[in-house]
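Okay, structure first, notes after.
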Protein chains: 2
Amino acid sequence: MKINKYPDKNTWSELIKRPVLKREKLTEIIFDIFKNVEENGDQALIDFNKKFDNAEVKNIQVSEEEIENAESIISDELKLAIQQAKDNITKFHASQIVEIEKIETTKGVVCWRENRAIEKVGIYIPGGTAPLFSTVLMLAIPAQLAGCKEIILCTPPDKNGNINPAILYTAKLCGVTKIFKTGGAQAIAAMTFGTESIPKVYKIFGPGNQYVVAAKEYCQKFGVAIDMPAGPSEVLVIADENAIPEFCAADLLSQTEHGSDSQVIFISTNEKIFNQTIKETENQLKELPRNELAKESLKNSHFILLSTIDEALEFSNLYAPEHLILALEDFEKYIPKIQNAGSVFLGNYSCESAGDYASGTNHTLPTNGFAKNYSGVSLDSFVKKITFQNLSEEGLQNLGETIEIMAEAEGLFAHKNAVTIRLNKENERI
Amino acid sequence: MKINKYPDKNTWSELIKRPVLKREKLTEIIFDIFKNVEENGDQALIDFNKKFDNAEVKNIQVSEEEIENAESIISDELKLAIQQAKDNITKFHASQIVEIEKIETTKGVVCWRENRAIEKVGIYIPGGTAPLFSTVLMLAIPAQLAGCKEIILCTPPDKNGNINPAILYTAKLCGVTKIFKTGGAQAIAAMTFGTESIPKVYKIFGPGNQYVVAAKEYCQKFGVAIDMPAGPSEVLVIADENAIPEFCAADLLSQTEHGSDSQVIFISTNEKIFNQTIKETENQLKELPRNELAKESLKNSHFILLSTIDEALEFSNLYAPEHLILALEDFEKYIPKIQNAGSVFLGNYSCESAGDYASGTNHTLPTNGFAKNYSGVSLDSFVKKITFQNLSEEGLQNLGETIEIMAEAEGLFAHKNAVTIRLNKENERI
């Protein structure tokens, strides 16, 4: 860990730097994978399963039987936990549904917006050691609430050609329509072009390794939308004299176990809390099972001592963290000062894991500084907002001249004529 | 124009095809322009002004004096028209401001979202024959409403080094903070990297030619967000037996004058209206000043006769038009069937130009089929929605076990520990 006591503001631009991701070499690999999947469909996916995941898979699509089996494997305890998380996530995302509000901007001119679900969406869930069924909740629940007709899920199989039962169980529970055994860039390619088994989708969601990230960047060239650009996960904790060092340390460490490139920043205005948190972090680290990743990631972490909370927030807004924890007594008064952040956790009992799993907010958030210009996933991510307008004859009378003058000033005479021809028709009748 | 009477559904996939945009050759040009601007800043922009716009410009930034002059040049008539449009656009976009709603998902667990403006945004306005001051309204008004601190505008100068006064006047009126004389890909590069004069921005909005479109695609590699991917403008009109052929023809032609690659589709279920609209289109075309572009674009237009309005809407949803005009008597009942469209105009008096200029809706809309997965520009385009959560001690008691179980099932033990350590602390005290 890097300790910085009262660093000069000139050095902040160094402190907020993320690790640079080198992606140049990936371009060709991704291009080849996309070409292969576009040309060979399911067979390409079966071959990639063998090559990358060492798995023999006959049917790319998960069968009903496999899903039923998964249900019988999952413990009742885990089912109850998933259900409580689902209820909260549903409640929070359902609150984002907006009533249609018709606005009469000028007498006889009525404008409004209506949501329409994106018809076909794809969810990518990474494989590896952690079976991220929580991400299934975070993406499938708003997709179903939005009314997406086709909600497909791709995830790589294990060596035996199976998918983790918690992922299957959660997917079924949240209305995923089809599940496929394919991972990596090839899964993104399959959802981009469609194959014999996998339907083409209009938008792709979900986290992944560098190949998946590069593939999600590339798939946009084919008209597919994505949730947001990606980078390693990160947390910034701001602690005052009333913060509890054990809690702060636990929050920092929970971020580090995501991967060796995870970013962790701790800021305090109180030197005692600052030193105790450093000590606590070192102590708790020893107890952790996923110790190696955490150790690696802690090396790049910054522990920063600053003079005031206002300064800490200034730093945080520059950094634009994915997760921001305010371990502050009077957090309320600092909320208006937060400008750039993905999700904010307030007070000593709002740990990041609450939002990661079960409080109701979405855990798919902008990283890598993208909290400056992107929002996290919400119900809005699964809909288009279509504008509607209805002008009565009176409405066009009231607005027509304005349109004519503006269209003429822009030199667009056919635009003007579309109004003139209507106004003349009215006058004829009068 | 291409006439299709009762085309077989098998042929629809041909009919909905857009002209293919060839962009491969642009990659190198864009790369070089970005590199030049990154390295040479303002000087590169001054050189490009000379090279591409044949303009000698000493100061890239428009002066206060130039803006004041513009105000004195604009006619009072145009000022009044711009003001009415501004009022309507403001009214409609202000209605999109959502009140903060705190949701208690579990007792003691409170979650909500708050909007924060994207701090720095850039607006690109193309040069050329049509001075698109209406686009300034559509982008600067929601930016100002959202609370963006820095709203800059780039647009190419004319041969005398000047900017159209209507653009300057509108920009000033709508709170644009700085205006710069630079166009094309180099303007996008300048807003991406920043130069001596031009501030770096977090998100870039606005239309442009193929170079601008390619530059907006490229700038995302540097962490800049854009409004949406682009393509030629398009309209689809559906007309029943009560439609008025002169109106339909005028709407179709107003689309064609945007450019030779504009897309126009007319669908009717009534053969008389169908034939009359074709005739009217040919007649009105002759009267148009921007005749050449319209003629060219009409060549690729489709006039399609179908049996039912339901079929017409099925076709429209497949095509996903930027603008959809329902010249139907009973349009109300068809609204729920609209799935993919940018903006919808209802009835015989809701011409597209109303939305283009002054009704209040935004005219920056998804084209090229992107209405399947993107929304048009709205207030949301200028904000990030940050999620907040506050768990009381009781809240964590109520949710803690669920988080612990889920974190453990995902193998994320530090995530679990962040809860356990807090629950233990509570128990100690009790």
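From the backbone N, Cα and C atoms, a Cβ is placed for every residue, glycine too.
The NAD(+) binding site annotation in TrEMBL covers A:Y124, A:Q186, A:N209. Among the features that TrEMBL reports, substrate binding site is placed at A:S233, A:Q255, A:H258, A:H323, A:D356, A:E410, A:H415. The feature Zn(2+) binding site is assigned by TrEMBL to A:Q255, A:H258, A:D356, A:H415. The active site, proton acceptor annotation in TrEMBL covers A:E322, A:H323.
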Tell me, by DSSP, whether A:D356 (substrate binding site) is helix, strand or coil?
helix
DSSP three-state assignment (helix, strand or coil) for A:E410 (substrate binding site):
coil
My understanding is the cutoff is Cβ-Cβ under 8 Å with a sequence separation of 6 or more in the same chain; which residues meet that for A:H415 (substrate binding site)?
A:I403, A:A407
Which is it, of A:N209, A:S233, A:Q255: the one of these binding-site residues whose Cβ has the most other Cβ atoms within 10 Å?
A:Q255
Taking A:E322, A:D356, A:E410 as the recorded positions to compare, which has the smallest set of other Cβ atoms within 10 Å?
A:E410
Between A:E322 (active site, proton acceptor) and A:S233 (substrate binding site): CA-CA distance (Å):
7
Using Cβ atoms and a cut-off of under 8 Å, determine which of the recorded positions A:Y124, A:Q186, A:N209, A:E322, A:H323, A:D356 neighbour chain B, and list them by sequence position, or give 'none'.
A:D356
Would you mind pulling the DSSP three-state label for A:E322 (active site, proton acceptor)?
coil
What's the CA to CA span in angstrom from A:E410 (substrate binding site) over to A:E322 (active site, proton acceptor)?
43
Under 8 Å Cβ to Cβ from A:Y124 (NAD(+) binding site), same chain, six or more residues apart: give me those in sequence order, or none if nothing qualifies.
A:L153, A:C154, A:T155, A:A187, A:I188, A:M191, A:I204, A:F205, A:G206, A:P207, A:G208, A:V212, A:K216
Out of A:Q186, A:N209, A:E322, point to the one nearest A:D356 (substrate binding site) in space (Cα versus Cα); all of them are recorded positions in the record.
A:E322
Nearest to A:Q186 (NAD(+) binding site) by Cα, among A:Q255, A:H258, A:E322, A:H323 (recorded positions)?
A:H258
Within 10 Å of the Cβ of A:Q186 (NAD(+) binding site), how many other Cβ atoms can be counted across all chains shown?
27
Please identify, among the binding-site residues A:Q255, A:H258, A:H323, the one with the smallest Cα-Cα distance to A:N209 (NAD(+) binding site).
A:H258
